[in-house]
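Peer 1: Handing you this structure, nothing more for now.
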Amino acid sequence: MAVMNELKIVFMGSPEFALTPLKMLLAEGYDICGVYTQPDRPAGRGRELCPPPVKTLALEHGLAVYQPQSLKKPEEQAFLKELKPDVIVVAAYGLILPQAVLDIPVYGVLNIHPSLLPRYRGATPVAATLLGGDEWAGVSLMKLEAGLDTGPVYSRSMVAIRPEDTTPILADKLAFIGGCMLLELLSQIPSLPEPQVQDNTQASYFGMVTKEMGLINWQTSAVEIERRVRAFFPWPGVFTTFNQKTLKILEAKPRNLGLGLKPSEVRVYEQSRVMVGSASGELEIIRLQLEGKAGCSAADFVRGQRNFDGVNLGV
C-alpha cells in the first residue's frame with residue numbers, strides 16, 4: 001500500500017499559480033511520475049511559442065512532461081492509466097478532466113482551488129474575489145468531480161485581503177497556502193477524511209477574464225474601479241483613453257474628498273495628485289501608463305502633460 005513519499009503522483013497545472021505546489025511536492029521527495037500542462041502558446045510581439053511555467057520547472061527537475069490538447073481521447077486516457085498514479089494533483093491546469101480520467105488514480109483527483117468554495121467557482125476565482133470586495137480570500141482543497149468545481153471539499157483555509165493585493169500577489173499567497181494544505185492531506189493517505197459536500201445554493205461563478213473587461217466605466221464608483229485595477233493587473237489591465245491614446249491605470253485609490261467632479265473629469269489636486277470623478281467618490285491615480293510610454297507616477301505624468309487638468313477621460 002502506498003504511503004507518504006512513496007505515492008506516485010501525476011501533477012497537472014500550467015500557470016505561475018501551479019509552481020509553488022509542484023515545488024513543495026518535489027521538496028518533500030514525492031514521486032512525480034508525470035507532469036501534464038497545456039501546450040506551448042504563441043506569446044509576445046513575435047508570437048513565438050512560449051512554454052507554460054510548469055513545463056519549464058518540470059524540465060529543470062528532469063520530470064516527464066505531457067502536453068495533450070485534450071484528455072477526452074481514449075488513447076490519451078490509456079496512456080495516463082499506464083502511469084498508474086496513486087493520486088492526481090490539479091492546480092490551475094486549464095483542461096477539463098472527463099470521468100474516465102477522474103476514475104484512474106487510486107485516491108482520486110485533488111484540486112487546489114483558490115477560493116472559498118462554493119463561492120467563486122470557475123476559471124478566475126482570485127480576480128473574482130478582488131472584484132467582489134471580499135475581506136477574506138481562501139483556498140479549497142477538493143476532490144475533483146465532473147462538474148465545474150462542484151466536488152466535495154476536504155479543507156479550506158482563509159487569508160485576509162490587504163489593500164495592496166493584486167491578482168498575482170494574492171495568487172502567490174494562496175498557492176503557498178494550498179500547497180501546505182495539499183501536503184497535510186497527502187500525509188493522511190491511505191486514511192483520507194470524508195470530504196464535505198458543497199452547498200450548491202451558495203454557489204457563485206466567475207468565468208474567463210476578457211480584454212474588454214478592462215475598459216473603465218466612469219459611471220461606476222471609485223471603489224469599484226479601484227477593485228478592477230487590482231483584479232485585472234497585469235492583464236488585461238484597466239484602461240481609458242486620453243487624446244485618442246490608451247491610458248492604463250496601474251495603481252489607484254478610492255477617495256471621498258467632495259471635489260464635485262463629474263464622472264471621468266480630471267482634477268490635478270495639490271499640484272501633483274490626480275483625481276478623476278466617478279459615480280461616487282474620486283479615484284486617485286497613483287501610477288499610470290500612456291500608450292507608447294513607460295509607466296510613471298501621477299506627479300511625473302502631470303509634469304509632462306500640462307493639459308491634463310480638467311479633461312474628460314474616455315471621450
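Backbone N, Cα and C define each Cβ position, glycine as well.
Okay, these came from Swiss-Prot:
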- SER115, LEU116, LEU117, PRO118: (6S)-5,6,7,8-tetrahydrofolate binding site (BINDING)
Peer 1: Of all the binding-site residues given, LEU116, LEU117, which has the fewest Cβ neighbours within 10 Å once its own Cβ is left out?
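Peer 2: Among the binding-site residues LEU116, LEU117, the lowest count of other Cβ atoms within 10 Å belongs to LEU116.
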Peer 1: Using a 10 Å radius around each Cβ and counting other Cβ atoms from all shown chains, which of the binding-site residues SER115, PRO118 yields the largest count?
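Peer 2: That would be SER115, with the most Cβ atoms nearby.
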Peer 1: Taking the centroid of the Cβ atoms of SER115, LEU116, LEU117, PRO118 as the (6S)-5,6,7,8-tetrahydrofolate site, which other residues of that chain lie with their Cβ within 8 Å of it, listed in sequence order?
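Peer 2: Once SER115, LEU116, LEU117, PRO118 are set aside, the remaining close residues are HIS113, ARG119, TYR120, ARG121, PRO125, GLY138, SER140, ASP149, VAL153, ARG156, GLN198.
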